[in-house]
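Colleague: Okay, here's the structure, questions in a sec.
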Amino acid sequence: MNRLTDDLFGGAPKLKTAPVLVPMPAPRAYSYSVPDDMAVEPGSIVQVPLGSRLVAGVVWDRLGEDDVDPKKLRPIAKVFDCPPLTKEMRAFIDWVAAYTLTPPGLVARMALRAPAAFDPEPMIEGLRFTGVRPERMTAARERVLALVDEGFPWTRSGLAHAAGTSSSVIDGLAAQGSFETIFLPPPPVVARPDPDYAAPRLEGPQTDAAADLVEQIRNGHFAVALIDGITGSGKTEVYFEAIAEVLRQGRQVLILLPEIALTASFLERFQDRFGAKPAEWHSDLAPRMREKVWRQVTTGEVRVVAGARSALFLPFEDLGLVIVDEEHDPAYKQEDRVFYNARDMAVVRARIGNFPAVLVSATPSVESRVNADNGRYQVLHLPTRFGEAALPDLHLVDLRRHPPQRGGFLSPVMIRAIGKTVERGEQALLFLNRRGYAPLTLCRVCGHRFQCPQCASWLVEHRFRGQIQCHHCGYAERTPEACPECGTFDHLAACGPGVERIAEEVEKHFPEARTIVLSSDLMGVKRLRLELEAIAKGEADIVIGTQLVAKGHNFPLMTLVGIVDADLGLSNGDPRAAERTFQLLSQVTGRAGRTGLKSHGLIQTYQPLHPVMQAIVSGDARDFYEREVGEREKAMLPPFGRLASVIVSADSRAEAEGHARGLRQSAPGISGIAILGPAEAPLALIRGRHRFRLLVHGQRSSDMQAYLRTMLANGPKERGSILVQVDIDPQSFL
DNA sequence: AGCACGCCGACT
DNA sequence: GTCGGCGTGCTC
């Protein structure tokens with residue numbers, strides 16, 4: 001008995017029905033009738049009428065309680081000729097939906113993000129030589145027949161092109177019976193990677209780590225490994241061996257990367273090892289390519305996908321391994337529509353599929369570190385650099401002892417180091433994680449500060465563009481010449497540095513040096529790639545960059561890395577500030593020393609004793625992580641213990657901050673407040689329009705609720721805020 | 001989420 | 001007189 005077949009009419013004629021997840025925020029699947037001549041099974045991808053339009057949906061396992069009026073049932077329009085979603089994929093979608101409190105239809109929609117891909121790609125028309133030679137021979141015909149003699153099929157235009165003729169020659173031969181038309185399967189988007197294409201280049205601890213991973217793959221069960229290795233230690237080469245083993249088993253592999261790390265150089269590295277590129281999956285893939293990749297992933301034709309977080313929802317035919325590279329990267333969090341952290345959901349995907357997951361980072365997230373300490377993850381440690389690479393010498397520059405000149409932001413120590421580097425013909429990288437010229441502008445006459453009219457943040461001056469901009473909401477206006485408050489001209493003062501201002505200072509000290517600013521607002525991705533290539537070739541002496549210089553690219557001549565303001569970001573109230581700063585500074589200083597040249601890092605700070613600075617210069621982060629775990633416990637951030645807590649949710653960070661301020665004043669029993677984005681998975685307990693969560697923890701949750709009710713009742717922005725008391729089990733994703 | 005329906009302001 | 005803004009409500 002087909003369990004999808006429900007007898008809705010007692011003795012009346014039987015009507016086949018099926019539950020279908022539709023791309024809509026309904027709490028459960030909808031019922032559709034199945035035409036007599038149609039066969040569906042759980043996982044079938046179908047087209048159904050919904051309101052006035054046709055949408056793609058998935059036949060689901062169960063309907064749940066069903067009280068829908070049978071008269072409302074509409075028939076499934078068609079079943080796509082496409083492999084059904086596997087049982088694992090369906091279980092994954094249900095799990096993610098339940099965990100993130102997202103309607104299952106919206107999660108399923110993420111797996112169907114390739115509009116026209118559900119029907120098979122059309123076959124390619126090809127020609128094969130029949131052995132029949134034409135009565136009359138010509139030179140052009142001769143050339144064509146010489147090519148086809150080997151018996152392989154050709155496309156009509158391909159053959160004409162290869163023979164240097166027009167396609168009418170081919171048509172003429174076909175009319176003589178020289179060719180038969182055959183249909184060829186569409187070409188694969190990428191060639192099959194060969195696990196034994198190039199021998200692995202492994203040494204020392206890499207060999208053991210790779211052997212451990214291969215062993216895990218051979219066991220073929222769920223397990224999580226954390227590759228914890230410093231920059232340049234060869235982490236990629238190690239997980240490539242795990243991939244090779246999965247390929248030998250004939251199963252598929254998913255490599256998750258933060259979008260920005262999906263570079264040509266990564267794909268080339270993969271190709272060097274496996275003889276073919278992985279298929280790419282990210283948001284700006286051309287639609288046609290997107291469909292092909294989706295299709296070939298479902299059929300198993302594509303064996304390895306390298307993708308951004310959304311690739312996690314691709315319906316693999318037989319996934320056998322998931323890798324999460326740069327697992328600490330905040331880009332894994334999706335904070336719109338469906339809120340999830342792809343790193344955590346990758347672990348869930350592996351558990352449901354009963355295969356290994358590998359998390360990779362030079363600076364693991366505190367969450368992963370805790371999971372490793374608790375024995376949930378196996379740690380593979382790579383403590384040394386690979387090959388020629390040597391770690392840069394790192395030194396703190398105490399800005400209290402070596403202050404910059406008046407009006408400047410670079411310490412004399414830093415300026416001397418830049419000078420020596422440039423003299424040697426090497427490159428210097430100055431890192432400041434702040435776009436624009438100055439983060440705050442004020443009037444020296446009346447004290448007016450330029451503030452965004454739409455939100456509350458300061459307007460940032462962008463001198464190259466002649467604008468002042470809000471980095472929060474995107475508001476921008478031309479830089480005014482006079483103070484809008486008191487009308488005074490020429491008395492507006494720029495406060496604090498941005499990369500543009502550092503460039504100005506550098507140009508003053510080194511007028512002959514070739515200086516370039518790399519900032520996301522100054523160039524598109526294409527332009528950026530060109531600039532990065534030019535820099536790698538030595539076409540710049542001093543590079544000044546924001547966050548985007550932290551990732552990926554290697555600069556062989558880069559022997560000095562200078563952090564302009566290492567303290568930036570430590571004081572913004574984010575409970576993860578120290579961890580983020582540590583990760584960012586590690587990445588940036590890791591840009592130096594990738595070749596044999598001796599390299600240095602100078603870190604300007606007012607807090608040389610801060611644990612982040614100590615961890616960075618000592619290269620030993622153990623104490624730092626231990627401390628961070630303690631701080632997290634105090635702030636009640638995941639992934640710790642089971643807590644009785646209260647969560648307030650708000651529509652914006654500003655609103656959440658307002659609530660936090662109010663709470664600190666009005667509720668003395670509070671022991672911790674943390675403001676979280678919606679993808680903090682274990683806290684994904686409130687849905688709706690609310691975008692930020694304020695997790696408040698106190699001695700007694702009933703007291704907390706009372707405080708919160710009072711505060712929200714009196715607050716000016718209470719609209720849309722709700723209260724929930726919850727028990728959180730932050731480890732529940734395992 | 002998407003789309004239709006519905007009720008009030010500036011324009012061919 | 002219409003085009004079009006986005007508020008409200010519904011979809012098996």
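A Cβ is built for glycine as well, from the same backbone N, Cα and C atoms used for every other residue.
No curator has checked TrEMBL annotations; they are predicted automatically.
Heads up, here are the entries from TrEMBL:
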DOMAIN    A:216-382  domain 'Helicase ATP-binding'
DOMAIN    A:414-640  domain 'Helicase C-terminal'
BINDING   A:CYS443, A:CYS446, A:CYS483, A:CYS486  Zn(2+) 1 binding site
BINDING   A:CYS452, A:CYS455, A:CYS470, A:CYS473  Zn(2+) 2 binding site
Colleague: Which entry in the list of binding-site residues, A:CYS446, A:CYS452, A:CYS470, A:CYS483, has its Cβ near the fewest other Cβ atoms, using 10 Å as the limit?
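Modeller: Among the binding-site residues A:CYS446, A:CYS452, A:CYS470, A:CYS483, the sparsest Cβ neighbourhood within 10 Å belongs to A:CYS446.
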Colleague: Using the structure shown, find which entry in A:CYS443, A:CYS486 (the binding-site residues) has the sparsest Cβ neighbourhood within 10 Å.
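Modeller: Selected from the binding-site residues A:CYS443, A:CYS486 on minimum Cβ neighbours within 10 Å: A:CYS486.
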Colleague: Return one of helix, strand or coil for A:CYS443 (Zn(2+) 1 binding site), based on DSSP.
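Modeller: It is in a strand.
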Colleague: Using an 8 Å cut-off from the Cβ centroid of A:CYS443, A:CYS446, A:CYS483, A:CYS486, can you name the remaining same-chain residues around the Zn(2+) 1 site, in sequence order?
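Modeller: The answer, listed by sequence position, is A:ARG444, A:VAL445, A:GLY447, A:HIS448, A:PRO484, A:GLU485, A:GLY487, A:THR488, A:HIS491.
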Colleague: I'm trying to understand the geometry here, so how far is the Cα atom of A:CYS443 (Zn(2+) 1 binding site) from the Cα atom of A:CYS470 (Zn(2+) 2 binding site), in Å to the nearest whole number?
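Modeller: Here the two Cα atoms lie 18 Å apart.
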Colleague: How many whole Å apart are the CA atoms of A:CYS452 (Zn(2+) 2 binding site) and A:CYS483 (Zn(2+) 1 binding site)?
Modeller: 15
Colleague: Measure from the CA atom of A:CYS470 (Zn(2+) 2 binding site) to the CA atom of A:CYS483 (Zn(2+) 1 binding site) and give the result in Å, rounded to a whole number.
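Modeller: Spelling it out, the Cα of A:CYS483 (Zn(2+) 1 binding site) and the Cα of A:CYS470 (Zn(2+) 2 binding site) are 18 Å apart.
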Colleague: Could you state the whole-number distance in Å separating the C-alpha atoms of A:CYS446 (Zn(2+) 1 binding site) and A:CYS470 (Zn(2+) 2 binding site)?
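Modeller: Each residue's Cα considered, A:CYS446 (Zn(2+) 1 binding site) and A:CYS470 (Zn(2+) 2 binding site) end up 22 Å apart.
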Colleague: Tell me the coarse DSSP state (helix, strand, coil) of A:CYS452 (Zn(2+) 2 binding site).
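Modeller: Its secondary structure by DSSP: coil.
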